[in-house]
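As recorded in Swiss-Prot, the features of this protein are as follows:
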ACT_SITE  Tyr132  active site, proton donor/acceptor
ACT_SITE  Lys160  active site, schiff-base intermediate with substrate
BINDING   Thr44, Ile202  pyruvate binding site
SITE      Thr43  site 'Part of a proton relay during catalysis'
SITE      Tyr106  site 'Part of a proton relay during catalysis'
Amino acid sequence: MFSGSIPALVTPFRDGAFDAPTFARLVDWQVKEGTSALVPCGTTGESPTLSFDEHYRVIDCCIEAAAGRVPVIAGCGSNDTATAIRHMRHAQASGADAALIVAPYYNRPSQEGMIAHFKALADASDLPIVVYNVPGRTVADISAETMCKLAEIPTVVAVKDASGDLARVTVHRKGARHGFCQLSGNDELWLPHAVMGGAGCISVTANVAPRLCADFAAACAAGEWTRALALHDRLFDLHKAMFSDTSPGPVKYALSRVHDWFSPEVRLPIIPASGASRAVVDAALASAGVI
C-alpha cells in the first residue's frame, strides 16, 4: 500500500508554539522533492509534547498542505487504547490515508495484550493501520510471530520495523499475508531491508534530503542495486548524524542549515543539538552534497 521515501516529519515550533505556515511550507517542499507519503505526529514530530489540540492541528495542516498529492499516514499511537482510538477517529475524519500506531509503551503489555490493543483499534475505526515496532523506545517488542498474527487483521496493512533485526523482514514476508507492506524504521538499514523485500522507509533523513532519499528508493524499487549502494554510501554519514544527539535535535538543526526559514527549536525535555552534534551534522550535510 505504501512505498518509497516517507519522512517522519519534524514539527516546527516558533516561540513555543506550533508554526503552521512553516510546516505547510515543509510539506510542500517534501512533495515537490519526490517524497512518496508523509508521517506527521510521529516520534520525530515530538508527538509526546503535543497537546491533543496541537496534535490534531498538525495532522490537519499536513493533510491540507499535501492536498491529495501524496498519502498522509497520521501518527495516532498511544499506550492508552482509548486515546489511540480518539486520535484515529480524528485522523480519519480529517482525511488521513492511514494511521501509524506505535506499540504501547511504558506499561509493557504482553504479546496477547498487544494483539488485543490492535484488534480494538481495528474494531473502532476502518482507517488502515501501519504498526510501528520500536522496542528501543517502547521496551515492549512486537515479536515477528505476533506481527504475522496482526497482519491477519484486514485493516493492518503495513509494519514500520525499527527493531534493527533484519531477519524479521524474511519472517514477516514468509508468515504474513500476501501483499503485507514492510517499511524500514532505520535509515541506515534501508538498503538491506529493501533487498530482503521491504517496500520503503519511514525516514528521519528524508526530512533533510528528500530528493536523495527518493532517488535511493527509486533505485531500490527498480532493482538497480549498484546505484542504490552508491546512494546509500552517500547518505550513510547523514543517517548516522541524525542521531548524533537526542532526536529530533540534530535533524531540526540540519533543516535550519538547509532552509533559512526553518527554526531548530525543540520542546523540553528535548534540548537543541549540542555543538559536537552540530559539527557532525554540518560535515555530513557537506559530504552528502546537501549543502
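A Cβ is built for glycine as well, from the same backbone N, Cα and C atoms used for every other residue.
Of the listed recorded positions, namely Tyr106, Tyr132, the sparsest Cβ surroundings within 10 Å are found at Tyr106. Between Thr43 (site 'Part of a proton relay during catalysis') and Tyr132 (active site, proton donor/acceptor), the C-alpha separation comes to 11 Å. For the recorded positions Thr44, Tyr106, Tyr132, Ile202, a Cα to Cα distance of within 10 angstroms from Lys160 (active site, schiff-base intermediate with substrate) holds for Tyr132, Ile202. Tyr106 (site 'Part of a proton relay during catalysis') carries neither a helix nor a strand DSSP state and counts as coil. Of Thr44, Tyr132, Ile202, all annotated as recorded positions, the residue with the shortest Cα distance to Tyr106 (site 'Part of a proton relay during catalysis') is Tyr132. Across the structure, the residue listed as 'active site, proton donor/acceptor' and Ile202 (pyruvate binding site) place their CA atoms 10 angstrom apart.
Annotation note: Thr44 (pyruvate binding site) sits in a coil segment as assigned by DSSP.
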